[in-house]
Amino acid sequence: MATPTLEKADMAPEPEAGFADSPYITATFRIRRFNPEVSDEAQWQDFQIEIDPKERVLDALHKIKWETDGTLTFRRSCAHGICGSDAMRINGKNRLACKTLIKDLNPEKPITIEAIKGLTVLKDLVVDMDPFFQAYRDVMPFLITKGNEPTRERLQSPEDRERFDDTTKCILCAACTSSCPVFWNDGQYFGPAAIVNAHRFIFDSRDEGGEQRLEILNDRDGVWRCRTTFNCTDACPRGIEVTKAIQEVKRALITRRF
Amino acid sequence: MSTETSAIGDVEGSALYDVDNPAPVIEPPRKRTGKTPKGSRTNFEMYAWLFMRLSGIVLVVLVLGHLLIQLVLDGGVSKIGFAFVAGRWASPFWQMWDLAMLWLAMLHGANGLRTVINDYAERDNTRFWLKMLLYTATVFTVLLGTLVIFTFDPNIR
């Protein structure tokens, strides 16, 4: 009678009796473990934990590491979808553990978690990211200009900024590159992430190194190896249209050569 | 410290690997490193990619037309014989049609197989020799087919 909040509180226990006591469910996490100091083979290990399904997979990994098995190894830094440290293969799809809610994964079945593919597994869910960042470095992901530096800010119209807005969102988590079947078979391929970051500068009106980057991506291991399977677009936790960006680089190469 | 580690290993009876002697990790095929050779600076891959798209469009017309004429229209497959081929190749139009189909289909297929080999053959040697085999077969088939189309003699035998 007094306030809506109070009325709701009065009514709540009636229909949800027994259920509302605990939001926790028992979920099984099937994690691919690899420890070169113990064995040369990776194996699946099941962990059953009580967890609120509204929590994230990263929370489950924390719970396992902090309360069950301290040897479980994974990367995470900010834990809020910005740093891109905790990309992993969850139920066969590349995602960020910190952006995946357990309730979205059908927790009645075991939830499989493994390291991203195509890179050397160092321990459990930690992979060697060096080849990934080498490809990133090779496309020169920095502003290249000619002439003297201007005395004021390099201005740009909103339309010019909009041209490459999508590819500025990349957080270098490697979810796209490690979901690419071409990259799985041949690590020499630049991979979607490097092409996305080249795209970010190729279509920037302030940048003058676009031709150099296009030349790099015109290579045998460049954009022409893309088979447009769209795995990268599906995997991107930032919703970047990765395959579209790759196609735009292809189109730029063709229109600039003819 | 070291005695403790070895003691655990002895109990379990399978201390193949430990902290000082870790197992080899499984490296992915053809990893990119700082020493990866830089590009060849040619447009070959772009032309190959464009060729696949353009030849594909032309082949749809050529191949479907070919199948229709050979297998469906005018009595179907039973009409095909030496006389039928001789009659068709008397006309330069059908000679050009078959020549274009031969060249485009062979180069289209060979380029497709080349990308498959580039994708899947892991060792440099395997890749090289598979591609050599592919190129030899392609050149042989294209040249033999071209020779037959141009030197076909209906009065042979």
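Note that the numbers count up from 1, one per residue, in the order the chain is shown.
Cβ atoms here come from the backbone N, Cα and C positions, even for glycine.
Copied from TrEMBL, the annotated features are:
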type	residues	note
REGION	B:19-38	region 'Disordered'
TRANSMEM	B:50-73	transmembrane segment
TRANSMEM	B:93-111	transmembrane segment
TRANSMEM	B:132-152	transmembrane segment
Close approaches to the transmembrane segment (B:132-152) from elsewhere in its chain (Cβ under 8 angstroms; 6 or more beyond its ends):
85-86, 89, 95, 98-99, 102-103, 106-107, 110, 113-114, 117
Sequence-remote contacts (6 or more beyond its ends) of the transmembrane segment (B:93-111), Cβ cut-off under 8 Å?
48, 51-52, 55-56, 58-59, 62-63, 65-66, 134-135, 138, 141-142, 145-146, 149-150
Secondary structure composition of the region 'Disordered' (B:19-38) [DSSP: H/G/I, E/B, coil]:
0 helix, 0 strand, 20 coil
